[in-house]
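Structure first, then comments.
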Amino acid sequence: MSARTLFDKVWDLHTISVLPSGQTQLFIGLHLIHEVTSPQAFAMLKERGLRVMYPERTVATVDHIVPTENQQRPFQDSLAEEMMQALEVNTKAHNIRFHPIGSGNQGIVHVIAPEQGLTQPGMTIACGDSHTSTHGAFGAIAFGIGTSQVRDVLAAQSLSLNKLKVRKIEVNGDLAPGVYAKDVILHIIRKLGVKGGVGYAYEYAGSTFVAMNMEERMTVCNMSIEGGARCGYINPDEVTFAYLKGREFAPQGEDWDKAVQWWRSIASEPDAVYDDVVSFRAEDIEPTVTWGITPGQGIGISEPVPTLDSLNPDDQAIASEAYKYMQFQPGQPLKGTKVDVCFIGSCTNGRLSDLEEAAKVAKGHQVAAGVKAFVVPGSEQVKQQAEAAGLDQIFQAAGFEWREAGCSMCLAMNPDKLQGDQLSASSSNRNFKGRQGSASGRTLLMSPAMVAAAAITGQVADVREVLG
């Protein structure tokens, strides 16, 4: 047998059958659910008189609609309260593990599963959420799915899928100070495009990823979907194993040793054949900020907003639309642009190390006058850990609001929203029109440290200059 990639190995191990259509019926090892995409799926089960096939392989939490300030029940938003109640009823009826607000384990679904040790190498993972690719950081194959597919996994613990091609994305070298995992993935998406990964799984490889901690790797894999890929992964290694060891749902004792041995075996082989290979140099990546209305419209902080004639013809129409919506002029510097709101959080950048890096920037400074800045931990565990380290005090002393765990201003499904055409510096993953709650609200994606730099200067800034 020829040398294989991790993707091929995990896919083959989870193949139930090849269907007449050519699709694969793929077993799903872990199903994560939340309040937004699960109610309709449970209703479909009820209509057909079906039960959840493997409730022990399903884990639920509430994240999208959660208020990050007043969490008193019933929620002020009646639709949010309805979704919350539906999740409570459905998980109880089907004996599904549920992490509610105040449990100590609630949070964004893509934050809580890794921190509890639920996400492990070699798994297939599905969730009714675009950013399920996050879990690929562990060497898992993880897909975001739609509501009808949520129903299928609940009922049959499997999905009918077309097998993906595999593109190896190599990044080698050391990242300069002030350059983070978020900058790496924004750079990759900028270069390959938001449609560049369609039909692919992305394998991230090279010394730059090897040097990253697990939370940084999760940031990279999280935004694979923004680059058009269905999933993205990094081969498991000693960093992966060290992160998982001792976590609640990780194997223990002899089972741990056996698991690590197996996890090593599923990594892509050195001479594995890929459908495509793309290489980047870490030294070419600087703090990166989006200027437009797609995650692919990014530039280094030292660059101006691109002019129309500098872009590929295929990118010019969306660029023209972006100039108008974002109120930017071609050729203008992004650095120095005044910001209104600064948001640190999300499933991309709401983990402890993200908050630590932002706190280094904020410490000893004050949020600029007229800027609203707030920090939303990705989970109750992250919040507790951050408070134990005194990060909440650093942020609050600098004038940031310190909130409860949730998805918050990443999307407009809770009270945290932009007003009018406010400009947001955000550590989240999407900068689409209206994404943060206002039909004319504008979003600049950047690393948490860059958001902190924007908050204290009141404008888009180079974090390297703030850090000195």
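From the backbone N, Cα and C atoms, a Cβ is placed for every residue, glycine too.
The [4Fe-4S] cluster binding site annotation in Swiss-Prot covers C347, C407, C410. In the shown protein chains, 29 other C-beta atoms lie within 10 A of the C-beta of C410 ([4Fe-4S] cluster binding site).
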For [4Fe-4S] cluster, residues beyond C347, C407, C410 with C-beta within 8 angstroms of the site's Cβ centre include exactly D63, H64, I108, H131, G345, S346, T348, G350, G378, G406, S408, L411, S428, N429
What does DSSP assign C407 ([4Fe-4S] cluster binding site), in three states?
coil
